[in-house]
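Written out below as structure tokens is the structure these notes cover.
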Amino acid sequence: MPEGDSAGESIHGKPSAIGNFFKRLGQIYQSWLDKSTPFSAVRWAATLILTAIYMLRVYILQGWYIVTYALGIYHLNLFIAFLSPKVDPSLLDDPDEGPELPTKQNEEFRPFIRRLPEFKFWHSATKGIIIAMICTFFEAFNVPVFWPILVMYFIMLFCITMKRQIKHMIKYRYLPFTHGKRTYREET
């Protein structure tokens, strides 16, 4: 019998106190995530407040621009994944492989399935902000750069990426946003 193979076990095969602590901490964290799932507006408001605090910290400290740039690139990647369909129609050679988006009026409606669901988008964006905030406490991440160049490069990158994404959306006729379930009123 191998001793201490699984995570959180000591050499003697018994769960260690440290392993139990982190397991319990992970369970509490997951419980809070599960409880927050239905409250998307509150979750995003908290993330925006956290973003404002981070930006204020960077502004007051006048540094950590490279961390902020990396955070912006990370958020851009998350946003593109959020806007993209799970199965990219441009990569499908066989039309019978996987779900398709309707391309004609008379085709059956198929819902838009995102590559990155909203909850995972929010969770990843919030973790990114927290990690960037932690980085601002360490001088090693304060790399001296000329920040206007980073801002211009990010704006160019954002415009080019969004132009490509919008062209893709037009070409394959999908809209990643819905306005809820369509309801019909009874006429009296």
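Any Cβ shown, glycine's included, is placed from N, Cα and C.
According to TrEMBL, the feature transmembrane segment maps to 41-60 (among others).
Outside the transmembrane segment (66-83) by six or more residues, the chain places 54-55, 58, 114-116, 118, 121, 124-125, 128-129, 132, 135-136, 141, 143, 145, 150, 153-154, 157-158, 161, 165, 169, 176 with a CB less than 8 A from a CB of the stretch. Feature annotation from TrEMBL assigns transmembrane segment to 66-83 (among others).
Residues or ranges marked as transmembrane segment in TrEMBL: 145-162 (among others). Listed by sequence, the residues of this chain that lie at least six past the ends of the transmembrane segment (145-162) yet keep a Cβ under 8 A from its Cβ atoms are 65-66, 68-69, 72-73, 76, 80.
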